[in-house]
Ligand code: F0G
């Protein structure tokens, strides 16, 4: 039978009942891509879990299908979230599907173009603030307590329930958990969800446990520095977060798994962003590439041992943030006249014999 979406496929692991509305967009079942060239270069067995191929282009769909379905089931008419862009795109899409209203609060000028376009198209109420994600989250957390609107940020436990299913898929594809799971860390919900998923699957199916390696952006590395960052900055706007809501759960995942949470610089993120596109044919958004940048650092330093089986989560699609791609790449289109001879001459100078 073809893929039915998370609410059906993982019913026994999720808080869904016969009356939970099925608002699925057939999320999940994303490919685990063997990154062959990078594996060879680093001397490890590296896979990318390409979450950018979910219906709205990020891993958020896994959590949002559950959170919005439960909100609808419980009689709510509106959902609200703060977002660096992906959460809002996903909330808006599932709210549209559920016939609900989505209100999104985003940091002005710091949301990638594709994500904003999605929120517009899905019909969300969009509020920009002159503050950052942390400011927005703090406000919507308070407002949702007193107003008739359901908060769908990852502090909503249904979000982590949905997101844990990616760990199940990895175990099913590989036959067991990898040695290491590398993942970008922003608000720290996803690393917490994966760890929950690996533990639940191991308890049920004996699939083993990975070490959890989380990577924050250096300018937003609150967990690494063990302090709130008042003014987080990074080119990877998805993870431009200075006070992660799931801080304690992430530290627990790190410590229980004998893993680590470290940071990567913007230069390292951009290097990884270009490399996996050029060498592997995988276009993931900059924030996603914190996982690849971290794995490259650790493999080069020998912290990840040769031969290790590593899964890097590629959390969002590169098409979400075309501006960063255009700004950071040297490749420019060549302009030619509308002339076959000129085109032929150019092509022959480029093709490999
Ligand atoms: N990667 C991408 C592409 C993201 O959009 C996010 C978070 C993360 C990684 C980090 O995941 O927060 O669970 O640690 N984006 C949120 C948003 C904050 O609003 O879209 P996390």
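Note that Cβ sites are derived from N, Cα and C of the backbone, with glycine treated the same way.
TrEMBL lists 86, 186, 187, 188, 189, 190 as binding pyridoxal 5'-phosphate, and of 265, 315 the one it places in that same site is 315. Looking at the residues that bind pyridoxal 5'-phosphate per the record, 86, 186, 187, 188, 189, 190, 315, the two CA atoms farthest apart are separated by 14 Å.
In the structure shown, the C-beta of 186 has more C-beta neighbours within 10 angstroms than that of any other entry among the binding-site residues 186, 189. In the three-state DSSP scheme, residue 190 (pyridoxal 5'-phosphate binding site) falls into the helix class. Across the domain 'Tryptophan synthase beta chain-like PALP' (23-316), the model assigns an average pLDDT of 98. You'll find the Cα of residue 190 (pyridoxal 5'-phosphate binding site) roughly 9 Å from the Cα of residue 60 (N6-(pyridoxal phosphate)lysine).
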